[in-house]
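Just below is one structure, and these are the notes that go with it.
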Amino acid sequence: MEVAGAQAGILPLLLRHPASLRGSLSLSCGGARRSWAAAAATAEGGGGEEGRGYERVPMDTPGAYRLVDRATGRSVIVWGGTDDVSMPSPAVLSTTTRVPDRPKENGRSTSIGNFGRLKAQKVKVLARRSAHLKREDSGRISTSRFSESPSDESDEDGTYFERDRARNTRQNSRSRDDKTRGAHSLNSVLRQYRGADDLDFPGSEATSGSKRWGNISDVTFGRQNQRQKGPLDSGFFSRRSFKEIGCSDEILGALRSFGFPRPSHIQAMAYRPVLEGKSCIIGDQSGSGKTLAYLCPVVQNLRKEEVEGLHRSSPRNPRVVVLTPTAELASQVLNNCRSISKSGVPFRSMVATGGFRQKTQLESLDQELDVLIATPGRFLYLLQEGFVQLNNLRCVVLDEVDILYGEESFEQVLHQLITVAPLTTQYLFVTATLPLDIYNKVVETFPDCELIMGPGVHRTSSRLEEILVDCSGDDNEEKNPETAFSNKKSALVKIIEESPVRKTIIFCNKIETCRKVENALRRVDRKASQIKVLPFHAALDQQQRIANIKEFLNKQTADSMFLVCTDRASRGIDFANVNHVVLFDYPRDPSEYVRRVGRTARGASGNGKAFVFAVGKQVSLARRVMERNIKGHPLHDVPCV
């Protein structure tokens with residue numbers, strides 16, 4: 001803004017226009033106090049511009065002009081109001097503000113303090129106005145996509161969605177009851193929270209004008225805007241390069257062909273200890289890259305031994321054994337091995353699980369072998385029958401170790417393995433969740449294990465939106481498993497109809513419930529023209545399960561696919577680009593909750609939503625779990641590193 005009176009050495013004075021601020025200040029300028037009342041009287045008594053004692057000089061700033069005293073040349077800038085408002089009145093111009101006498105510094109007047117206060121007031125007014133305009137702009141944007149759900153609708157339609165009141169972390173000191181609002185009906189939420197973040201499918205209701213869901217973080221436990229800053233906010237990738245963590249040129253070339261710019265946090269943390277042959281417990285959240293965190297350094301050691309002539313591949317004598325809880329996870333690890341091998345790091349790998357022809361697997365064992373991937377039962381059979389020797393064994397990997405320890409026969413398998421394996425064998429325990437009882441069992445048997453815990457262990461992804469759906473029903477409704485299933489089914493159908501996405505995983509606790517959900521979904525689309533229902537549980541033979549998994553992971557399909565499964569699908573399987581996860585039945589323990597919702601929002605940039613159906617006491621339990629997730633707290637205590 002132009003400085004008035006600069007040539008005369010006069011301090012510029014900024015005043016609110018009298019049209020908007022009555023009682024403006026008249027301050028001394030440059031140490032000489034002079035009232036503008038005489039000038040104003042001259043202006044009112046004079047006829048026309050020529051007879052005035054001062055004149056108004058327009059400025060470029062709208063609503064501002066410079067008031068110049070013709071007699072002395074002194075001027076003041078007046079800002080505010082409109083350009084065509086009349087001159088300040090004599091009463092305004094002659095008003096003075098009494099200030100306490102202050103000691104002078106070097107003989108100069110301290111009237112600058114008045115100007116300072118006026119300037120501070122002006123800045124505060126501008127700040128308030130700016131904040132108000134921002135709130136109005138954000139309100140216009142938000143109300144165009146979100147509308148506040150009326151409280152009376154939730155009473156009419158029944159309670160379905162829990163609204164999170166703890167979005168602002170300043171409210172953390174409030175009680176738990178104060179952190180959540182009243183529930184909203186599924187109907188009202190589906191009716192009001194619409195947007196374009198879900199996919200459109202040819203021939204689906206979404207393309208024919210049906211309502212769709214948008215970003216509904218106002219009524220969800222999504223952490224994109226709510227989670228407190230923590231280690232997870234530093235991003236998926238580590239700041240270190242693959243070269244810095246110890247990758248060989250061969251492995252580095254393979255990783256570059258995969259398109260990875262840098263290692264993930266757990267890969268950067270675990271690579272060097274694994275490469276040095278240390279036994280380790282490796283833990284981080286689902287989708288963090290744990291498979292490559294152990295596989296790449298292990299394969300690098302195999303290649304180093306071959307180059308140095310220390311060891312070579314031999315039939316029925318693997319140098320690495322990987323045990324997994326399910327055949328599907330074993331197949332996934334095998335695919336990773338083959339991808340590395342095809343990218344310029346040659347080694348031989350095979351899988352041995354139940355459900356396949358035993359003759360084919362035995363024939364594969366007769367060939368040269370480096371890495372054997374197996375389920376515990378099949379591995380124990382091959383070991384006891386003499387089809388596998390462990391003379392050359394260098395490393396044992398127990399993937400999803402917490403699940404393995406939950407199997408009755410696993411400790412027998414582990415004992416047999418320890419008895420036969422060489423004393424120098426390296427053991428790697430890999431998991432997304434490590435309850436303290438499992439940790440204690442591991443360190444009791446392997447006290448020298450190095451503990452490597454990534455930033456996301458026992459935590460869900462920060463890009464996951466968790467939505468609590470209360471399926472308890474009305475208070476006067478009879479409470480039994482049948483009514484609970486009916487309420488859940490109604491909620492699921494509404495989600496399918498109102499929020500069409502490409503891939504959804506539905507978790508149930510029992511095979512019987514899976515079948516009931518499958519039938520309900522098929523009745524929604526009797527012609528099977530818009531949705532594809534794929535079951536995945538132990539009642540199916542292994543070939544059918546693998547076929548369904550492959551179809552679900554197919555990127556070319558235009559169908560909206562639903563994988564209806566038990567916890568078998570949550571055990572380490574890497575599902576890419578899953579949009580929604582539905583917990584139709586609430587999981588039995590927090591670890592299973594983490595594994596289930598971890599099937600979406602995976603990797604460096606994955607996003608997804610988890611719909612958690614709960615009834616009765618499960619509602620408060622789910623709310624507490626989600627509140628911990630919002631704050632970034634682990635669902636289990638993390639073992640001390």
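Every residue, even glycine, has its Cβ placed from backbone N, Cα and C.
Features as listed in Swiss-Prot:
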type	residues	note
REGION	86-115	region 'Disordered'
REGION	129-189	region 'Disordered'
REGION	197-216	region 'Disordered'
MOTIF	240-268	motif 'Q motif'
DOMAIN	271-452	domain 'Helicase ATP-binding'
BINDING	D284, Q285, S286, G287, S288, G289, K290, T291	ATP binding site
MOTIF	399-402	motif 'DEAD box'
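Sequence-distant contacts of the motif 'Q motif' (240-268), counting only residues of its own chain at least 6 positions beyond either end whose CB sits under 8 Å from a CB of the stretch, comprise 234, 275, 282-284, 288-290, 292-293, 296-297, 299-300, 303-304, 339-340, 343-345, 452, 454-456, 604.
Around G287 (ATP binding site), the same-chain residues at least 6 positions away in sequence with a Cβ under 8 Å from its Cβ are S461, D574, G598, A601, R602, G603, G606. With helix defined as DSSP H, G or I and strand as E or B, the motif 'DEAD box' (399-402) counts 2 helix, 1 strand, 1 coil. Under DSSP, G287 (ATP binding site) is assigned to coil, being neither helix nor strand in the three-state scheme. Within the model, the motif 'Q motif' (240-268) carries an average pLDDT of 94.
Helix, strand and coil counts from DSSP across the motif 'Q motif' (240-268) read 18 helix, 1 strand, 10 coil. Neighbours of G289 (ATP binding site), defined as other CB atoms within 10 A of its CB across all chains, total 23. By the criterion of other Cβ atoms within 10 Å of the residue's own Cβ, the least surrounded of the binding-site residues S286, S288, T291 is T291. For the recorded ATP site, residues D284, Q285, S286, G287, S288, G289, K290, T291 set the reference point as the centre of their Cβ atoms, and the other residues of that chain within 8 Å of it by Cβ are S264, I266, A293, A432, G454, G456, R602.
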